[in-house]
Each structure stands twice: as structure tokens, then as C-alpha cells.
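Lifted from Swiss-Prot, the feature list:
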BINDING   Gly1, Glu2, Ser3, Gly4, Ser5, Gly6, Lys7, Thr8  ATP binding site
DOMAIN    852-940  domain 'Cytochrome b5 heme-binding'
DOMAIN    1689-1744  domain 'DEK-C'
CARBOHYD  Asn938  N-linked glycosylation site
CARBOHYD  Asn963  N-linked glycosylation site
CARBOHYD  Asn1322  N-linked glycosylation site
CARBOHYD  Asn1356  N-linked glycosylation site
CARBOHYD  Asn1462  N-linked glycosylation site
CARBOHYD  Asn1685  N-linked glycosylation site
REGION    492-520  region 'Disordered'
REGION    558-582  region 'Actin-binding'
TRANSMEM  789-809  transmembrane segment
TRANSMEM  828-848  transmembrane segment
TRANSMEM  1099-1119  transmembrane segment
TRANSMEM  1494-1514  transmembrane segment
TRANSMEM  1520-1540  transmembrane segment
TRANSMEM  1547-1567  transmembrane segment
Amino acid sequence: GESGSGKTTIRSHLLSAFLSFSSTPLSSKLSYAAFLFDTLTTTKSLTTQTASKAGLFLELQYDGSSSVNPTLIGGKIIDHRLERSRITSVPTGERSFHVLYYLLAGTSPAEKAHLGFDKAVHVSTSSGAIGHKRWRYLGHPTQLKVGVNDVEGFQHFKTALRKLEFPRSEIAEICQILATILHIGQLEFASGQATTTHAEESGGYSHEGGETVTIVKNKDVLSIIAAFLGLSVEDLENSFGYRTKTIHRERVTVMLDPKGARQNADELARTIYSLLVAYVIEAVNQRICAAEDSVANTISIVDFPGFAQACATGSTLDQLFNNAATELLYNFCLQSFFDRKADELEREEVSVPATSYFDNTDAVRGLLKHGNGLLSILDDQTRRGRTDNQLLESLRRRFENKNPTIIVEGSKRTSLISQNARSAFTVKHFAGEIDYSVNGLIEENGEFISGDLMRLMKSTKSDFVRELFGQAALQTVTHPKEKTAIMQAQVSSKPLRMPSMARRKTSPSSRLAFDAGDADEVESQAESIAKDSSSGRRKSAMLTSGIQGAAGQFLSSLDIVNKCLSSTNLNPYFIFCLKPNDRRIANQFDSKCVRAQVQMFGIAEISQRLRNADFSVFLPFAEFLGLAEIGNIVVVGSDKEKAEVVLDEKRWPGNEARVGSTGVFLSERCWADLAKVGERVVPVYAADMSDEGGDGLLHPRSTGYGDSKVRLLNPADQSPGAFIYGDEAKQGYFGSRDLDGRSDAGNSAFNSGDMFRNHETREQMLEKGNEKKMEEVDDAPISGSRKRWIALVYLLTFYIPDFAIKLFGRIKRKDVRMAWREKFAINLIIWFSCGVAIFFIVAFPGLVCPTQHVYSAAELSSHNGKDGHSSFIAIRGVVFDLDKFMPGHYPHIVPESALKKYAGVDATGLFPVQVSALCQGKSGSVDPTVLLDYRPTNISGSATTISGTDTNSVYHDFRHFTNDSRPDWFYEQMVMLKANYLKGYVGYTPKYLNTLGKKSQSIGSINGKVYDLTSYIAGGRLTKAPPGETVPSDVDTDFMDNSVVSLFQSLPGQDLSKHWENLKIDALRRRMQLCLDNLFFVGHVDTRNSAQCEFARYFILAISVLICSIIVFKFLAALQFGRKNVPENLDKFIICQVPAYTEDEESLRRAIDSMARMRYDDKRKLLVVICDGMIIGQGNDRPTPRIVLDILGVPESVDPEPLSFESLGEGQKQHNMGKVYSGLYEVQGHIVPFLVIVKVGKPSEVSRPGNRGKRDSQMVLMKIPERVHYNLPMSPMELEMHHQIRNVIGVNPTFYEFILQVDADTVVAPDSATRMVAAFLNDTRLIGVCGETALTNAKTSAVTMIQVYEYYISHNLTKAFESLFGSVTCLPGCFTMYRIRSAETAKPLFVSKEVVDAYAEIRVDTLHMKNLLHLGEDRYLTTLLLKHHSKYKTKYISSAKAWTIAPESWTVFLSQRRRWINSTVHNLIELIPMQQLCGFCCFSMRFVVFVDLLSTVIQPVTLAYIIYLIYWLVKDTSTIPYTSLILLAAIYGLQALIFIIRRKWEMVGWMIVYLLALPVFSLPCPSTLSGTWTTLPGVTHVSSQERKAGKVVISDEGKFDPASIPKKKWEEYQTELWEAQTSRDDRSEVSGISYGTKSYHPAQSEYGFPGSRPMSQLDLPRFGSRMSLAPSEMMSRHADMEMENLSHLPSDDAILAEIREILRTADLMSVTKKSIKLELERAFGVNLDLKRPYINSGKGYTFPFPVLRTVC
């Protein structure tokens, strides 16, 4: 029937009817099993709420103990092809599989919290779905409420699992996996920048952290998924961002964009659900299936999804499979009614009228025929790795004009555009024509699960997930050479079990059905997969593995079904389901709709056939007569005549009963009548179902079990559960007794409470998943410096206990806690350094010379309110702010101009004082009539004092004798003025006090305060009474003690503090002090020019000047004037290395072309490109190695075998494999030899195969010269590189003296190599040279703009200064040339054993080593060169230019600077202890290195100081810090002079941009450094107290055995080469490459693969190696020659000596083999044709480049 016609419903009724005959615990289990199948595989579609989306072959198994009343002994569910696409693509208006909705709706709040359903996700804003959560995999939120009782469904689901004996823990795991699938749909992906550096990062831009990666935005959802799958969050997130595929026979990792990551996540969801369904069904079958030998008969229900007119989920493959299965079943139906019956009738000589019918055999044959049917072709094309268009072409060739039911559109000559538009084929099904698109069909048919996912799941900590991915339903493809390496996998589209009848051959006692031949065929088809032998060249993984695609598996499963149905002893029954209307309206009959279905299924023709011949059963005469029981009737004649008598007696119609030649044909009705089926007593069995633990035995009962008969007819007992259809009151598989038969507490808690109560929490699972695998390794000694550092770390962090880090930081591992302590200690050191810097800048001067708020007379007079100056005024030694005071002066009638005339002067005379109010005198009181005539000292020598005769003084005179006496007025005013307007005090320097003392002034200082008693001693003590009163006669005007007065008289102008303390006036001291402070105080001692203050001032100044002097020195070093003469042509051999990672083609082409176009002798350049892994970067359409090879012109047909070499990595990752290509690259007239090394990794590597990082790429090239110079054994790939350089390119590797390292995003100037080599030749003590690097993307963004000036000045100032000492501390890896060996002694330098071993360190077990090796390998390489070759120099030359790409985004820029600062700090720490750094005085490099280190750490303080200076200048224009400004001007002015002198006028603008961005460089970078100082997630070797061995390694790569990589010396290699070639005459060592010719014999390697063919018209030397498989045209012919008398010819040794002499004096640019032969013939005077093979072989010598052509 069609979809929505009720097939699933009727199937459930049918099953219930069968099970009602044996109501046993087993029948209940079978009912539960069918319900589980429906729950997992049915969905709500547009036409029905129970649309089946998987084919079902449901088998009920019976024993043969009773031929009349067989016993039900088991059952089997065989599922066919679940519609997996529905999981991730829910059609509009439909639902996904019911179980997902059950889980969401039926879980309790506690369970929802555990499953992560309690968090709001994607809340829809549409009016129709307010409040619903939007789940991507559940369709529109309205589908959550469509009349299906999901809550009850979930309870039934759990009950069914428990009744089928699933453990509770397993049920919980199943629910977790289902929740995981829903959460995978919620993941949101975005593009981000990789800001965390790993050891595997490589290349230029990408190495700087600029690699675009895909990240998960909602990390909370990701953590839920990781917890339930038992995986690490980081590993899971990374796995979504890439996918490993097999492209052109190569494993390639594709870096995915967010869209690709979404597809990757969808694949994961489909895979998990498919495996879960397979797992549950197989587990159910294990519980219900009987032993195959005990099964005698079966009743099978076959139900496949209905015919699909449209592709609802977008999966053409699912639609094709569904319709193919429906086509097959319909064809079987027609065959059963027409063809098979006709054959039997004809054989029995029974004639019936013929009936015409629609025959769909052509469609079935076209779709399902083995070998050349459509599904077979699809599978074959998938296995061959063909494209969709190639599939279409194959279908066209197969079916065009050959099968009318399959039409392939278009033709061969169709244009590409129209071909893509028409890429579809049409199948004429019995139900109508359907167009199937081929776009993506090949890939969909593969249904491959990437090896990345399998590798990820291999690391799961969840036993259940491990079991899911370990079941037989998951077919894996392993590498042919490494069986443990899973390349890819596939969820089987074929059932795990076969029908019982397919397993059994025909037996006499059973009607279970195959004959021997069919049974053997089906058995072999089901249990074995043909293995394709892989001979010759390597094929795709699918072709070599023999794994079938989905089409092949589905076809074989349909074939088994068809053979089972077509078996001879099977009786088929057909049920046609017709839907009454297309609109799902109850009680409405649409005749048009029904008529269309009747016509489609040919029901009228079938009915007509049955009217003519309704013969379902054929009985031989003996069996028929036995059933007819004619023993009492005497009939004389043959059996046939007796049968005719019986038929006449029964009076059955002729279309239901006919006599044949050997038996009788009967209809079902006639057979039932004959066998008296209705009269038999069918015993009904029952068992105690109150407890699952019952005996399970069957007990005959006199009456039927409960409702065993009612279930067949009662509409209240619908199946499979009326809740699926939306009627909660109805019961289906479950009666009220079955929903939950047990009432114990545990069960009810499980059913309605929290099934995860005794389960691990999500947090525990997440922590378990994040744990690293640990295994023991050998103990490694800890260095003394490391021990001292650890001691310092604990000293700084001892107050933080380990348990606190473990508890609050959630850090369980001891090594990570130690790393955290180190980070925290480093933070403390950084901030302590900043604090020390702040202390010296701010606090230190204040401590040595406390700040004084004093003003000298000159300073006071300068504050006169004129020319923008402020207005200050002094009163009795106290300085006030007149500007602030004037607006509030009372009375307001006094104009401000009148007040301003007092600005800058001492106005003490304006304020007469009442002595008695301010001084208690000697006796405790002073007579109020006593006056003090105070005249302030004129300390400036100018008119800065106001006399007491000033007219305004009367306004402040409130003394006793006035008519307005206010004794305390002055004191109150001073208190108010000091509180609001105080600026400081009048200052007297000790020197000036001494001067005044010499001028007979009675002035002195006590404890820093200056007192002037001159007027008191000179007679200024007066008396005056108020008007009308007289002055008492006994007034004592001497209110000061004589000892005090005499002290000032005897020691004028001095510090009287000690003398004051020694006075014997203890009783009077307080009163005298009060009088001095109130009446005679004139200011403070000014110590600003004292020795301590001068020290404080000049100490900071000296440091500033010292640092600035370094700047000056750097400036002088940068002024390297002189003519930039272009050197003469140089004859040194150089290697130009370019590491490639994920760069785009444009960047790679620019870099490679710029190297090739350098104005340096092409024959002496070797371009080496090292591709770090088989990776397709985002935005690229090919792997990076393929891009490089395409640029260099290497065709895809050149495919060398990968060879082993030792790499930098953890564990087994140290074993890497690589391919070697060589040839000539021609660009713009330059022809340059090249070598390409492609790191492809071992077969077991499925993720980023071969990728080991930039440092490893450098090591690949560094090890070759090292092995050569030290004559060390080489790995196979190194031997091949040596062979390619020496024998193919034609240059002895020892000739190369320099290596130029350039990043893949860097473009070099044409003369850069020439200038660098010239520098090396001018100074033989030079080991490394770098040039000036500028930016190509300077104006791309604001981030790049702020870097332009910094790049320029860092080269032309810092590096130029370091170059003066020959100690450039950082030779950038993007543009540096190194000296490979010493010019005089050939001693290895760059490739010396010490440097190579130190640089190849793989134990990165500390933060320090991680910062050295992973964050700044270029700088560390320079550090190693300076450490191990201290007598050699590193240099910077500005004449060599290159241009690179700077980070364009803020995130990448900060990431880059964080790594740079980390690397700088740690490398400077390495350099500081070195004694060998050159220099002189305080300008030694050690000092400069220390200053650089310190300046890097305290950059935030520097920025803060500059901001403070600016604030100071803005706030107080009167006080200008000239020194600071001069120093700053010197720093930046000298920098400006550099580019001004060099006429780099554009740098003026870039300098302004840089200065504006100074906060960016000074604050965020160091603060980011300290806040997120490099973490240690990749710690590999750490101490652990938990392991007695002392060390553990955290690695899942296994241990590396160096013996797994065979090594041999070059001499051994050559010896074996010679022996191999002399022992066999069919192989010549002269099997070279003739490039540019049509006949070409590749140079072979020892390892048996053809060499590469560069694209050039030149011929490379024909050197082969031992195991060359392709014969050369120069095959040795010694064995075929006639043995002549060769005594007159010179010996080989003589020829060799003469050749060497010729080469020593010949022009190597023009010499050829032919010219050498002619020279030899002249020298020896004989014809040397017989010696030609020896001359051409090159034994004992090597022809130099250019290659000598074999033309003799």
C-alpha cells in the first residue's frame, strides 16, 4: 500500500492476531519487541502518524513437535535500511522518529536536568510556537504537539525495554545517547582563529595563529555531548572542524568551514542513531530468537515503507531504495498470482483462461539485476571512486534503448551546464514515473564514516559507546599494510540476521524452505563479502577493501528476501491497504482516490485471475485422498479418478478445485473445508505473567486467556499502541496490566522518578572523558636549574594548598597543578617586576627625598597672576592659593583687581596679630596690651613684602586696643585658609639661612621649621591700651624665655634642633613651641637641593640616560652608510626552503616564484618545499601538497611510494612517512631544480596525516646535511632525498653551503640571496644572516597599519644594533640564511650535532620548554646557534628585502604577540647566563639582553608613565618635566632620524599611527601574557608521586621503536646498489629520467617506486638505484656482447682517473658525456665504444649540474 494507507496499523493487528493464539510470556516479549521496532523506526508524516521508515521482515518461529498445533518458540526482527537522513533533515510538517519526542516529553524534571533538557534553546519567536524550545532535529516546534501522547509513549518505551530484560543501566545509557543526538543538532558553529599554538602548527601565516578554524559557539551543549559520549571536550570540538577523505588515492584532511562542520555533526548524529537502532534490535533478537536448528516452521510478516512519490528528506538514495523494494514486492505479488500459477497449471495439464495484467518485470530487472542492474551499477561506480556524471554516463550506456522503464536524460554531447541541470534518470515504476537526481548520489551511497570519527570513538571512556561502535553492524575498512589503522567505516544497510528459512536446507520434516542450491547461494551471499585483490597500482580504499556501498548491501538483502519469498514450500498471503482519501479525514470515502489505488495495484486483474483460477494449494493425490477420508467409499480406478469423484461429491466450483496429472489444485477455502480446520480444537496456552521471574512454561487451560480472542476484534485493543495515533484511552501492545506490572519502590522510582539516580553525574562523566591516558616511561634526570626553579615556584605559591587547586580549579592531574603553580609564580614575578619599576619611578624618590610643598621667594614671586601664571600669596610663612580665594572674598565690594596686586608677595604685614591670643608666654598668659611689631624678612631682595602701613591692614586689625576687639580672629582665619587654600610654605634653603644669620638676622630652624626672632630682639615689643584705658605699669613684654632668645642670638642662621632639645625648659617647652609656631614661624627649610634629593633625582636620571644611551648606540649602529654594491656572480650552492601548511595557491605561488626568480645562478639553487601533512585548508579545493606540485608542474600520474623517516612527535608519531618529488621548475626564463617532500604520515594516521609542525619541517632538511657530514645512517626517506639530490639533480649534497629559510607567505627580493651570500663571503665567522622584512598587507586593516612602523624600526634599530656586536638574538624564520658548514674546515655549523639534537627535543615537559620549542622555534634556533657556536656571529643586513603578511585581526594579532613575548622572555632567560656574548663596557650584549627582557616585562609601567607625563603637562603647565620630555624626544627623534636619513618619508605617517597605538603594544599584550601565560595542555613527561617509576607520559600514540625505521649509511646504500646492478643484467644503474621527451624512464629508488618528472625541456641525469622496477633504455648489455679481447683498452681505474682530471679543468657549464668520451679517446688513442657503458655510468664520480646529456 501507499504511505498513509494503514500498513503499519494492519501489521500490528495481524501480529496481535497471531500472538493471541499463544498468550505466553514469549508472545508478550514479541509484542514488546515489535513496539520497540516501531518506536525507533516510525514517524509522523504528512499522510499518517505512524509512517514506517524501515523495511521489516518479522518472523514468528514454531517448532515441529506437533504438525497440527505447533508451538511458538521464538521470533526475529529483521530490519532493512532505516531512513537515516530523517534524523538530521526533518521535512516540513513531519516528525523525526517517535522515540526522540518520547524522550523529550516523558522524562521527569530530574532526568531532564541530567540530560540537559532544562536549558532553553532556540526559543522560537513565532506566534504559533511561543514557549516551545526549538530543536533542530525535531522539526518545527508545532510538531511536539500533534495529537501523539509522547509522555505515555516514553513510559511504554521504558517498560518494553525492561520487559525485554534490558538492564536499567543500559536503559539509562540508551536515553543518554538519544539525548546526545538531540544536543548534536543544537551545536552552533562559527569561524574563528586558532590562537592556541600546538606543536603541529606550521607554515607562515598559520604558524602565527592566523589559521582559520571552525569552533563551537555553545560550549555548554558541547560539554553535554562530550560527557555522554565519554570524550574529551577539546577532542570532540576539534573533530568537527576537519574531515579526512581519500582523494586521488591519498588520505587528505579537509579543514571544514561552519557549514562543513554542521554536516560533520549531522553525520555523527546519523551514525550514532543507526548504531543505536541496530544495537537495540540485535539485543532484542538475542532475547527472543530461538535456536535455528529447533525452528521447523515460520510465519513471516513483510512490510516495507510505502511507495515514495517525492524525496521528503532530500535523500535520493532512500527514495530509490524504498521504491525499488516496493517494486520487488509488487512484482512478487504479480508473479505469485499469475506467472508461478500458470507454470504449475501448465505442468499439471490444467488449462485456465489467460488474464492480462501489468507486468513490471522490466523495472525490477533494470533496478535489481545483479551485475548490470541500476543498484549494481551505482555500487560499482561508488567502489571505483567515480563521479556523479560518470555514473550517469554508465547508466546511459547500460539502459539507453535497452530497457524501456529506465530513461537517462541528456546525451554525451550535452554541454556541461545543461548536463548539470539534467543530471537525473527516470524510472517508470508501477506506481508512476519518478525522476532521481544523481547529484551527490555516489557519496551518499558510500555512507562512509570517516576514520577521524572512528579514531575519536576509540578514545571513549564510555563502555556503552565503545560497545555501540564495536558491534557487527559497523563495518570497518583497515589499511592493507596496517590492519590496526581504521581508514573508514560504514553502518551496514543489510540486516545483521537472516530469515530462518534462508539458513536451513530442505528437510523431510519441515516445510521451511530452500532447496540445497538456493540455500548455499544465499548463505554465501549473506556471510561473505567478495574481496577484490589489489594488484598493480594502489586503488581507492573502498575498492581494495571490498566493502559494499549501501546499494550493494540493500540489493543483497532484497535478494535474500526475494529468494525466501519465492521458495517452493512457502505460502504467500497478500494484504492490499487502500486509503479512503488523500486528506486524512475520517469516515470519508473518495472514490477517485480509491479507484486510482485499485488501478495502480492491478486489483481488478488479480480478482479476474482468481475468478478464473483461485488455486492456492496443490496436494498430491495421496495426500488429497488421505484428507478426503474416502476409505469407507469404494471407488474403483486410479487416484486421479478417485480425486475427481471427491470433487464431484464436494461440488466445489471449477475455479477453486481442479484435478491435475499428479495432484489436485485447491483454493484456500476448499482446503480448509477438506482439512476440517474449523472443527479442530486449538489449545490456548497461558503462563503466570505477574512476575518476569516465573518459570515461563506453557500450561494448557480449559478456557482462553483473558482477552486472547477479544484482541483480534475489539477496537479498544489496537496495535501498536493507540497512543501513537493520539487516542490515550485505547490500549495497544500494552494492556492495563502490562504497563508496569511490578510495584516495588525501585521500579516506580525508575519509571516516574530519576533513572539516573544511581548513575554517574554529567560532571563525573565529563571529567572522566577529559582524563588523559597515562602510561609509564623511563625516569629522566631533572636538571639543577629545573630544581631551583621548582623550589622558587613553591616558595612563591606555598600558601596555596594542592587541595584548593584541585577543588576550586578542578585540576585533578598533579602535573597540570604544577603547571598552574608555575604560571602563577611567573605572574607574580611579572607583577613584582612592574611593582619594582613603579617603586623606583614613584616611591623611591619620595622615600629618599620626601616631597616638599615649599616655594622659594623666586618661585613665590613667579606666581603673580601674570602671563597665565597662578596667583599665590604668603602669610606668616604659609602660601595660599589666591586664585581660589578671590571669588569667595568678603565683602564682595572689593574688586578682584585690588586683591591681585598681592599675588606673588608676602602679605604678613596685612594681618596684625593679638599676642595674648597666640602665645601663653613664660607664665601661662600674656597681657593683652602687649603688641609685636613684626616685619617679615625680605628674602628675595626685591619688593615682595607688604608693610604694616598698607591701607588695607586696618581691615584685618582686631587687636585689643581697637574698638572691635576679636582676639581669636587671626587664628580662626588661618585655620580656615589652611583648610581650603593651602598650597605650601615659604622655603628657606640652609645656605640662605646661613647668609641671613651672617647679616645679624636672629633666624634659625628647629625640626625643619624656620623661625625669625629679629624683630622681637630688636625691640618690637610694644604696649597699647584701648582708648580711655592706660597700660598697666607691671606689664612684662618679655614673653619669650631668655634661653630661647639667646639660642637664636648665639647661633643665627643654623639648625637649632639639637640645641632646642638640650634646653632645660621642660616646663616651658610646649608654651615656647606654641609661641614660636604662632608668632615667629616664617617657613620651612628647603631641602630640595640637598645631597639625598640630588641622589634620588640623578639616580633615576642616570638609569634613564643609560637606557637612552643604548637607544643612541642603537641609532649609531643603524646608521650604516655606504654604497649598496651589487656583488659579483657567486658560485656557492644554496638551498631555498619553503615550509607549506594550509596556505592558498596565491601565497604559495608568490613565495615559490620569488625564490625561483632570485638573481642567483639557477644551477646553484635548490628549491626545497616541505609540505607539512595532507591537509586542505579552508578556502582551498585541493590539498596543499597538490597545490605545490601543480605549481611546479608535477602531474598527478607521478606518485612515489611513501618512505619512513623519524619525525618530531609523541610516541608512535615519531614514525612518519613522506614522498619525495624532484625536477625542474621553469618560470620567467629561470629553470631551477626543486625537491618536494610531502609528509603523508603512517597508514594509521587518519587525522591530519603527516602533520608534525614547522620545526619538524626544518628538521627534515637539517638532518640530511648532518647525516652526510657525520656519515651517519639514514632513514629510507633521507636516503631517497640524498639519491634525488645527488643522482637526479646531479649535485653532491656536500656542495651546499647555505640554506635560506622562507615562510610560505613571504616574498623575497630578487637580489636577496646574492646579498646574503656576499655577506657570508665577506665574513667567514658569520653563521646566520637575516634581512629586512616589511609588510605586503600594510593597509588591509587598522591592525596591520599599527605594525608597519614597528616592523621597520625593530629591524633597522634593534637588529642593526645587535648586528654591530654580531649577536642578533632573533633570526626570523620567515627570512633568514644560515651557513651549513665552515668555509675553511668544512666543520658543520647550522647542522652540527649539538644544534640538531637540541632543536629536535621532543620532551616538552615544562612551561619553559614549551615556550622555547612550540611558541618561538625560530628564536630558539638562534639561541642554540649562539650557545653552541659562540665564536660565530649572527648579523642583520638591511639591503636584503622580503615582504610578509602580518595578522589582520585583533585576535590573531594578540595571539601572535602573546607568543612572541613568551618566546622572547624565555629565550632571553636562556641567553643571560651566557658568558660568550660580545660587547664592551656596559654595552655588553648580556646587559642589553637583560634590559630587553626587563623592558618587555614592565611595558605596562612604561605606558602608565607616559600617560602620567601627558596628564601632568595638561594639568600643570607651570611645572614641565623637561628631562622626561627630552629623553622621550631623544628616543623617538633618533628613530625618526633613521628613516629621514634613508628618505623613507612614508614612515613619518606610520610612526604617528604607531605612537597612537602605543597602548596596544604596551598594555594588552603583556597583560594578556601574564593573564593567560601559555597553558600546558600538551604536557607529555611530568613528575608524579602516584607512579613509583617517577615519570609518566600522557599520550595515546603508543611507544616508538627506533628499530621500526631501517637505517643505513650512504656507502652501504651505494654498495648494495652496485651489487644489485652487477648481479643482475636486466637492471642498469643508468635508468635515468629524460624530461620533456615522450619516452621517459623514471629514475628509480631503492624502495621501488618511479621517480617524479619535472616539467622542463632539459634532461636530468639517468641515475637509478637498486630496486628500479622500470627498465631503462640504457640497459646494460654486457651479457649480450661478444667477449672480445679487451687487453688493448685502458682499465676502468685509468679511465676514472682521466675523467676526474678532465672534470677538474673543464668548463662544467658546457661539458657533456660525449665530449668527455672524445677527450678520453684523444688521451688514450683508442676507440672507447666498448667502454661507453662504464663512462656513462658515473661510477666513482658525479657529474655536476647541469646534467650531462646521454647523447654519446
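Cβ atoms here come from the backbone N, Cα and C positions, even for glycine.
In three-state terms derived from DSSP, Ser5 (ATP binding site) belongs to neither a helical nor a strand segment and is classed as coil.
The shortest Cα-Cα distance between Asn963 (N-linked glycosylation site) and any of the binding-site residues Gly4, Ser5, Gly6, Lys7 is the one to Gly4. Away from its own ends, the transmembrane segment (828-848) comes close to residues 796-797, 1092-1093, 1095-1097, 1099-1100, 1103, 1494, 1497-1498, 1500-1501, 1504-1505, 1566, 1569-1570 of its chain (Cβ-Cβ under 8 Å, at least six residues beyond either end). Take the Cα of Gly4 (ATP binding site) and measure to each of the glycosylation sites Asn1322, Asn1356, Asn1462: the nearest one is Asn1462. Comparing C-alpha positions, Asn1462 (N-linked glycosylation site) sits nearest to Asn1322 among the recorded positions Ser3, Gly6, Lys7, Thr8, Asn1322. Across the fold, the C-alpha of Ser5 (ATP binding site) and the C-alpha of Asn1322 (N-linked glycosylation site) stand 93 Å from each other. Counting in whole angstrom, Gly6 (ATP binding site) lies 84 from Asn1356 (N-linked glycosylation site) by their C-alpha atoms. Geometry remark: Thr8 (ATP binding site) versus Asn1356 (N-linked glycosylation site), CA distance 82 Å. Note on the glycosylation sites Asn1322, Asn1356: the fewest other CB atoms within 10 A surround the CB of Asn1322. Using the Cβ center of Gly1, Glu2, Ser3, Gly4, Ser5, Gly6, Lys7, Thr8 for ATP, the list of other same-chain residues with Cβ within 8 Å runs, in sequence order, Thr47, Thr48, Ala51, Gly306, Cys577, Lys579. Note: Lys7 (ATP binding site) has non-local neighbours Gly1, Ser52, Asp303, Gly306, Cys577, i.e. same-chain residues 6+ apart with C-beta under 8 A of its own C-beta.
Across the structure, Asn1322 (N-linked glycosylation site) and Asn1356 (N-linked glycosylation site) are spaced 21 Å apart at their Cα atoms.
Note: the Cα of Ser3 (ATP binding site) and the Cα of Asn1356 (N-linked glycosylation site) are spaced 78 Å from each other. Sequence-distant contacts (6 or more apart, same chain, Cβ under 8 Å) of Glu2 (ATP binding site) comprise Thr47, Gly306, Phe307, Ala431, Cys577, Lys579, Gln597.
Under DSSP, Asn963 (N-linked glycosylation site) is assigned to coil, being neither helix nor strand in the three-state scheme. Neighbour counts of Cβ atoms within 10 Å were taken for the recorded positions Ser3, Ser5, Asn963, Asn1462; the minimum is at Asn963.
Note: the domain 'Cytochrome b5 heme-binding' (852-940) comprises 25 helix, 16 strand, 48 coil (DSSP; helix = H, G, I, strand = E, B). When the domain 'DEK-C' (1689-1744) is classified with DSSP, helix, strand and coil residues number 35 helix, 0 strand, 21 coil.
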